[in-house]
Amino acid sequence: MKISITAPAKINLSLDALYKREDGYHEVEMVMTTIDLADRLSLERLDEDKIVLDVKAHFIPEDRRNLIYQAALLLKKRFNVKMGVRIIIDKHIPVSAGLAGGSSDAAAALKGLNIIWELGLSIEELAEISSEIGSDIAFCVYGGTALATGRGEKITALPNIPGCWIVLAKPSISVSTPTIYKELQVENVEHPNTKKMIESIKIGDLDGIFASTGNVLESVTLEKNPQVKRIKDRMMAFGAEAALMSGSGPTVFALIKQYSRAKRVYNGLRGFCEEVYMVRPWSESENETIN
């Protein structure tokens, strides 16, 4: 059996860290949505008991360091699976960008393996299992738009956001998520209005969504990396209705209602930034094919 499945990127419409927990993680409130920038995974069931990864990108490990490998190994051990799998990963999501590319790949792998290994697990069971690998993976298992709480693994579904344009720009730098959280001072930052964001999404109010965007991690990343702030400022100068860093960065995204204005923002970032994308909110159409 072979299956092909997409792994869409995510953006944080709002990201709040409330306090640091005893386990070392921060208690978070994040409103996230998937977008139509996506990796593609092709999975083939093997009779031989082995996990084979083939990543069509440089600098990405194909062994136990890869979240996809960890996801496959976890399912094999949990359910005593004696079959193997070959997974080909066609990368389109920028790496180390704050867009959950690795987490989305792992989520797609869990869903694909559930099918080709005939495990019969529910989406809720897959999400629960995923929390053993990483905090963002549970959201990626569900996809769409949702509120993530706890350390990010508790998911409450929300309606999809209204149609709009999203321009992404990633500078040629990398940031360390653990370092950003370590330097975050939750008592000294402006916190986003998560409640207002959720209310705006529920009634389909794009202006309310734009006005409610916020990310407490900007207080650290923008201070350490001025080029990230310059991208955000440039997006607003070219007509973005909202601009925000996704996750711990360094990718910044702009939200725009009209295509013509989005194109202007996109063109204004090309040449200024190495990786620029113009996308839409994710649609579930053509998510997976089975042969």
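The backbone N, Cα and C atoms fix where each Cβ goes, glycine too.
Here Swiss-Prot flags K10 (among others) as active site, drawing on sequence analysis. DSSP classifies K10 (active site) as strand under the three-state reduction. When Cβ atoms from all protein chains are considered, those within 10 Å of K10 (active site) total 29, not counting its own.
Remark: S96 (ATP binding site) has S174, V175 as non-local neighbours, by Cβ distance under 8 Å and separation of at least 6 in sequence. Positions annotated as ATP binding site by Swiss-Prot, on the basis of sequence analysis: P94, V95, S96, A97, G98, L99, A100, G101, G102, S103, S104.
According to Swiss-Prot, the active site annotation covers D136 (among others), on the basis of sequence analysis. Note: D136 (active site) has non-local neighbours K10, A100, S103, A148, G152, i.e. same-chain residues 6+ apart with C-beta under 8 A of its own C-beta.
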DSSP-derived structure type at A100 (ATP binding site), helix or strand or else coil: coil
Winner by Cβ contact number (other Cβ atoms within 10 Å) across the binding-site residues P94, G98: G98
